[in-house]
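Participant: Okay, so Swiss-Prot annotates it like this:
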- 1-54: topological domain 'Cytoplasmic' (TOPO_DOM)
- N154: N-linked glycosylation site (CARBOHYD)
- N164: N-linked glycosylation site (CARBOHYD)
- N190: N-linked glycosylation site (CARBOHYD)
- N210: N-linked glycosylation site (CARBOHYD)
- S229: active site, nucleophile (ACT_SITE)
- N256: N-linked glycosylation site (CARBOHYD)
- N268: N-linked glycosylation site (CARBOHYD)
- N373: N-linked glycosylation site (CARBOHYD)
- N402: N-linked glycosylation site (CARBOHYD)
- N443: N-linked glycosylation site (CARBOHYD)
- D479: active site, proton donor (ACT_SITE)
- 479-482: motif 'DXXH motif' (MOTIF)
- H482: active site, proton acceptor (ACT_SITE)
Amino acid sequence: MWSALFSHLREVHKRSGVKEEKLIMKSPAAAGEAAGCHKPQATATNKMTVLQSPLGLRTILTSLVAFFIVVSSVSLLFDRSQDAQAQLAVAQHQHQEVQLKQKPASAAVGEQKSVFVDQSSLRSQEAQVQWTSELQDVATDSGDGGVDGEEECNWSLGRWVYDNSSRPLYSGLKCSFIFDEVACDKYGRNDTKYQHWRWQPHGCNLPRFNATKFLEKLRNKRLVFVGDSVNRNQWVSMVCMVEHFIPDGRKMRVYNGSLISFKAFEYNATIDFYWSPLLLESNSDNPIIHRVEYRIIRADRIEKHANVWKDADFIVFNSYLWWRKQRDGMTMKVMYGSFEDGDAKLDEVEMVDGYEIALKKLTEYLGANINKNKTRIFFAGSSPAHSWASNWGGDDNNKCLNETEPIQIEDYRSATTDYGMMDKAKEIFGTLEPKGIHVQILNITQLSEYRKDAHPTIFRRQYVPLTKEQIANPSIYADCTHWCLPGVPDVWNEFLYAYLMHK
């Protein structure tokens, strides 16, 4: 290295001295002639002498500095390369250790038994760190909401976690398509804690709802919710979850009798709700005027309803509330034949028997008419009511009014929720499997059982606002069946989103 430096200095010394160069500068006229511009003018020639200064001490020092800079740069690059290789080796070793430690831990995750997070630590820094970690898990999961190495994740088993950073998913006051019957904060409910609970499955994560991806999934397609007012509750939730992401003037709500349509023109997508509380044709088919206590279904008539939803790309049925007894000894009528043909016959049956008749007719129709290569079918589980506060140690006169916390009893089940009806639905829909038609059950019942705090009660408007006398009588007028929005139905739709996008 040093011999190269001295050789360089000797070469510099040889070039030292004074050099004289003579530059001949032609006048503009001469330059014009050279370019072919012939003018009768004399050519003027100017001479200029340029002197180059000798390369002295300053030049030598400059060369030395430049040389040392080059040598230092090469050495630094070599050192950094060695450091990078060492860091890579350490990182690979740590990654292997983490993988070995995580293998037994993945099995332990599913063994969690707690339903709720301790209230005293919900707002603590530790809770925030845990939530951030969970978000990272969701963002990097394998797509089905499960942990690595787990083939199936049961989203319906888990706990409610208070989360004031990512909940609610939207503002009920800003959703322009919300219905007054579930707009609780609009009608005077001041506590908003019910909006900030997030459902956390045991041992896995529920995929986060992405409205833009969901709308893209619905591009040129139609999603239909078919059922009663609880299903309409879920439909309103879905509309509120996506409408904020659609520009004004590019969305619309259309009423057409029993059909309500939300249209997203940007995507040529439609999200419908169709009123059909008993699934078959019945005396309750009018979405506004219908008799609740005296119910009649036509056992062999479904075509009028089916013509509305059979060509949809995605269908979400529900049917539970209207099959429940409103009083002891309540029954219903099943009609066979028609009065027009003169063969009408009415049978009186138990409510649950009518439910089975309706599901079998629906299944028969789906098996014969649905396009299994196009349409995906879902059936929402039973939505529990919280009308009897004594079930959790409260006052029945208030029903679920003034409740601000979920029920913190693991695996809590209300005595009024009929789980056998869902078992019957699974059994009946299972007969479609040999035909290649799968009805996916949205198992929403258990997670909803905990949420006694999430109903509209008196904070709602049903056609007309409640009077002062009605507000003062919650035992009759508090709605503990439907759900405030934002709220529990948002999680139902997260289930639907997860199935549509990841399974």
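Residue positions begin at 1 at the first shown residue.
Each residue, glycine too, has its Cβ placed from N, Cα and C.
For the listed features, I'd like the structural context: burial, neighbours, distances.
Facilitator: Sequence-distant contacts of N154 (N-linked glycosylation site), defined as residues of its own chain at least six apart whose C-beta falls under 8 angstroms from its C-beta, comprise P201, H202.
N190 (N-linked glycosylation site) falls outside any helix or strand according to DSSP and counts as coil.
Within the same chain, the residues at least 6 positions away from N210 (N-linked glycosylation site) whose Cβ sits under 8 Å from its Cβ are Y497, listed in sequence order.
In sequence order, E181, P277, L321, H482 make up the list of same-chain residues 6 or more apart from S229 (active site, nucleophile) whose Cβ falls under 8 Å from its Cβ.
Note on N256 (N-linked glycosylation site): other Cβ atoms within 10 Å of its Cβ, all shown chains, come to 10.
According to DSSP, N268 (N-linked glycosylation site) is assigned to coil rather than to any helix or strand. Long-range C-beta contacts of N268 (N-linked glycosylation site), restricted to its own chain and to partners at least six residues apart, with a cutoff below 8 Å, comprise R219, N220.
Secondary structure at N373 (N-linked glycosylation site), as computed by DSSP, is coil.
Contacts of N402 (N-linked glycosylation site) defined by a Cβ separation under 8 A and a same-chain sequence distance of 6+ are given as T457, in order along the sequence.
Long-range neighbours of N443 (N-linked glycosylation site) (same chain, six or more residues apart, CB within less than 8 Å of its CB): W155, S156, G381, F495.
Non-local contacts of D479 (active site, proton donor) by the CB criterion (under 8 A, 6+ apart in sequence, same chain) comprise E181, H455, P456, T457, I458, R460, Q462.
Panel annotation: around the motif 'DXXH motif' (479-482), residues 181-182, 229-230, 233, 321, 383, 385-387, 399-400, 452, 455-458, 460, 462 of the same chain, lying at least six beyond its termini, place a Cβ under 8 Å from a Cβ of the stretch.
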Participant: I'm trying to understand the geometry here, so how far is the Cα atom of N256 (N-linked glycosylation site) from the Cα atom of N164 (N-linked glycosylation site), in Å to the nearest whole number?
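Facilitator: N256 (N-linked glycosylation site) to N164 (N-linked glycosylation site), Cα-Cα distance: 38 Å.
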Participant: With the cut-off set at 10 Å between Cβ atoms, which of these glycosylation sites ends up with the most neighbours? Options: N164, N373.
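Facilitator: By the 10 Å Cβ neighbour count, N164 comes out on top.
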Participant: Within 10 Å of the Cβ of H482 (active site, proton acceptor), how many other Cβ atoms can be counted across all chains shown?
Facilitator: 27
Participant: For the motif 'DXXH motif' (479-482), jot down how many residues DSSP puts in helix, in strand and in coil.
Facilitator: 0 helix, 1 strand, 3 coil
